[in-house]
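Colleague: This is the structure, below, for whatever I ask next.
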């Protein structure tokens, strides 16, 4: 409810400013809890217990781990919440520095969870207030290992700050996701598909309604699902398979067009469903073999589809093999007058000059 209210009335400004505060709470709350947990008398040295908590990867899991690594790296790029910040930067240089700082920040914020996991593995839980009748290694307990460490191994004021960091992390992710989903629907669906003549006031109203509906749906899903992490991982999964190839082509391949993108969207999604998803109880209908990362291959298929279909469509229309009237997506030859095609690279001054050339003179 708190996320919906301040996102509803504040928009991007409230999300940006609260994210700064929330990130501060996350950084301080997690880091301040680590030394207190390490000094607890029921915790052995994490250095001596290193062989127990470092884990290992079997040879049969190497391909799966590589697939997941590529997914998390490249699937984390085309997120709308990231581009909200990048596109709102004052200059391209600021956006670049923002991205580099974010990468460093992610690394710094990943260290405390690793240490807390090591601390939990090195703890004699029978010496704490944890209920000995409950198995600490059960799936239900491992999902809550961070709050359990804060609650049983840290002083109350530190536990309060640490749990506040967890809440801040949830709110920081929720407000950005709610705002991005509602704003994309209002601008890209409502205005561009249903109401081309919609005013900015109408688009803003639709976005606010979307914030409320998306926030309510997110709250319902969060209550019903067993693991929020699985949902987040699946989001990165779909972004990696479907959106990353399209972003790559838009930035680096000039000839790609809507026909290739739409075809790749459908084919990539179909292939992703066909390889199955255990967390959603979707059976695998096709298998690529033990030495091929399936999600990465789906991404490559989506990328190849974008390139091939775009090239075929470009040749068919520009060589007049197909008449312009069949360009139903209006992206190659049958372009409406109000759409201004841009060069591969265009500066702001050039864009303004082109706009002045096509802008109708006032009478």
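From the backbone N, Cα and C atoms, a Cβ is placed for every residue, glycine too.
Worth saying up front: this structure is predicted, and the values here are computed from it rather than measured.
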Colleague: Tell me which of 292-317, 318-343 corresponds to the transmembrane segment entry in TrEMBL.
Modeller: 292-317
Colleague: With contact taken as 3 or more Cβ pairs under 8 angstroms (pairs 6 or more apart in sequence), are the transmembrane segment (231-253) and the transmembrane segment (62-83) in contact?
Modeller: yes
